[in-house]
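Quick notes on the structure that follows.
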């Protein structure tokens with residue numbers, strides 16, 4: 001590296017030559033700067049900096065502009081005095097401009113892909129998608145899901161990827177860059193991410209608790225506990241897994257009106273979950289990217305292990321067959337379309353701002369169009385894989401339950417036959433073990449009901465009825481699936497594997513959710529970048545303290561409330577505004593042209609019509625259907641009745657309705673507030689003059705032909721200086737066409 005004194009002498013000599021050159025050019029006459037086109041960086045041999053919006057804002061804010069090239073670590077020459085004063089206030093002459101960016105970047109494309117995939121593939125793929133398929137026509141629902149994924153999901157996902165990659169900002173900066181009036185969209189995304197993070201980490205805490213409990217033999221939920229010589233009544237009336245979940249894990253109250261004290265074990269697990277998140281996020285994507293190698297890949301290993309084990313179980317084929325049998329008549333139900341669209345919406349993580357945050361750390365020439373299809377496709381295949389696993393295992397569980405039912409009923413029949421002969425009711429079987437489900441079903445239809453008339457309590461024991469008992473969410477993961485694993489040989493191993501998978505699925509989604517909060521705020525408030533670890537730690541502490549409300553005995557009911565209402569409607573509204581702002585405010589044609597220049601390839605024009613018409617109409621329809629459902633049906637939640645040892649549907653009390661309404665309003669409120677605030681600033685004359693200029697694409701330039709560049713060995717800096725078209729107005733950078741050296 002050249003010593004500072006030599007750099008100063010060299011710079012003064014260069015400045016003197018530049019001054020003489022300018023004096024000569026003034027004698028010849030002024031140069032018409034309007035006819036000079038900006039140079040294309042990637043066509044230059046000497047210097048290829050990748051200049052971004054956030055770097056320009058950083059340089060103008062008085063911070064040293066550190067520009068990084070992806071291809072070289074070559075040092076850049078110091079700017080001339082006049083240029084430095086004009087373009088980079090606050091940059092001292094003794095400071096050397098190195099090719100080192102202020103903004104982080106992914107260390108590899110693999111890390112980015114795993115992070116994006118880990119965020120989109122979450123717990124919903126394992127416990128919600130299979131339930132929706134089960135309840136809504138099986139294979140018919142999958143076809144509907146694929147249709148909506150192609151028409152709505154992929155275009156909106158591509159839009160967010162492209163916006164983040166082009167503008168290189170979080171959700172707040174992206175929409176403020178398009179128009180200051182839209183800044184509230186980004187803040188609304190941050191609020192929703194915060195709400196989701198609060199309860200999502202509680203679910204991770206539950207997974208930690210079950211993971212720790214899995215290292216016991218036998219598993220603590222395999223059998224009912226006893227009080228003295230008698231089985232606990234609540235457990236005997238339900239099941240060991242249901243009792244362990246509601247009484248041992250949650251110690252749940254009978255309704256949301258009964259608060260109860262904090263659950264100390266779940267509180268400790270919640271603290272552990274927040275500590276893991278903090279440690280994984282404290283260095284931003286540099287630390288998160290490394291964690292993703294395990295947290296995003298491990299769930300697929302577990303799912304494949306469960307699939308191999310599941311298809312070998314007795315009853316797996318019946319479960320899979322029941323799952324994928326198409327019932328096309330459900331397409332006439334509007335609510336099925338609503339549920340499919342909602343699942344597409346949440347499966348891809350649209351509106352959270354996390355997709356934008358992750359893509360903003362990409363190089364600008366990354367093929368985000370291909371990424372949109374790849375991530376969406378893998379996400380869908382993961383949902384199908386999880387569905388195969390779930391119904392293979394649940395098919396085994398259903399057949400086991402039905403078989404035990406047959407044994408129990410036929411044992412009662414044979415005992416009755418020993419005292420009272422019923423020769424005409426005997427079935428052709430020598431012992432109970434040899435009776436198949438088909439034989440029993442045929443016998444029950446003809447003769448079993450006659451026994452019931454005689455006073456015997458004989459049940460149907462139908463495999464199909466067991467399969468029709470759909471479960472979702474925590475009921476699937478912590479009760480039904482857990483019960484099935486107790487029937488596996490080596491059940492503690494499979495249980496630990498399953499809950500470790502849930503833990504990693506939850507954490508990878510949680511990392512993306514936190515990125516949707518931290519990235520926009522650190523981009524907006526520059527001082528937070530200097531205290532990244534402290535800001536991350538404080539955010540996690542606040543999340544833990546507020547999250548204590550979910551560790552009360554009634555906490556599960558609040559988790560349900562937040563999951564159902566804190567994100568759905570606000571995110572739908574956010575995505576509607578996002579789509580309209582790009583397709584109509586900025587213009588779909590202009591955006592496609594920007595993407596063509598950014599990707600160096602044309603983008604299919606079909607996206608223009610998707611963004612302008614199909615996606616907004618579909619999202620408005622989803623919003624209308626969701627609002628209609630809330631208006632026509634009073635919101636309810638599922639409570640556990642201790643006396644009856646069963647679940648029951650209860651309406652939310654008035655105060656709870658006020659809380660969930662507040663959640664929706666608070667999450668959406670930044671959108672109108674941001675618009676009104678921008679309009680007031682504009683009316684008061686305090687907004688920047690370029691506020692209405694709209695989106696100014698940083699990545700697109702008018703390309704200078706190669707023959708206009710200086711010959712090899714020439715100094716490219718002179719051409720850069722002549723082509724500089726950076727204007728400062730009212731303290732804001734108005735337009736970027738070339739990099740500022």
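Backbone N, Cα and C define each Cβ position, glycine as well.
Within the listed segments 493-521, 696-724, TrEMBL records transmembrane segment for the stretch 493-521. When 229, 379, 409 are compared with the Na(+) site residues 118, 121, 125, 505 in TrEMBL, the one appearing in that site is 379.
For the transmembrane segment (493-521), same-chain residues at least 6 beyond its ends with a Cβ under 8 Å from one of its own Cβ atoms are 115-116, 118-123, 125-126, 169-173, 186, 189-190, 193-194, 196-197, 200-201, 203-204, 207-208, 210-211, 214-215, 219, 273, 276-277, 280-281, 284-285, 288, 291-292, 294-296, 298-299, 302-303, 305-306, 309, 349, 352-354, 356-358, 360, 477, 481-482, 485, 528, 535-536, 539. Looking at which of 142-163, 533-551, 571-592 has the most CB pairs under 8 Å to the transmembrane segment (336-361), the answer is the stretch 142-163.
Residue environment of residue 379 (Na(+) binding site) contains 23 other Cβ atoms, counted within 10 Å of its Cβ in all protein chains. Counting Cβ atoms from all protein chains shown, residue 125 (Na(+) binding site) has 25 others lying within 10 Å of its own Cβ. Using the Cβ center of 118, 121, 125, 379, 505 for Na(+), the list of other same-chain residues with Cβ within 8 Å runs, in sequence order, 117, 119, 120, 122, 296, 299, 382, 508, 509. Contact between the transmembrane segment (184-211) and the transmembrane segment (571-592) holds: at least three of their C-beta pairs are under 8 Å, each pair 6 or more apart in sequence.
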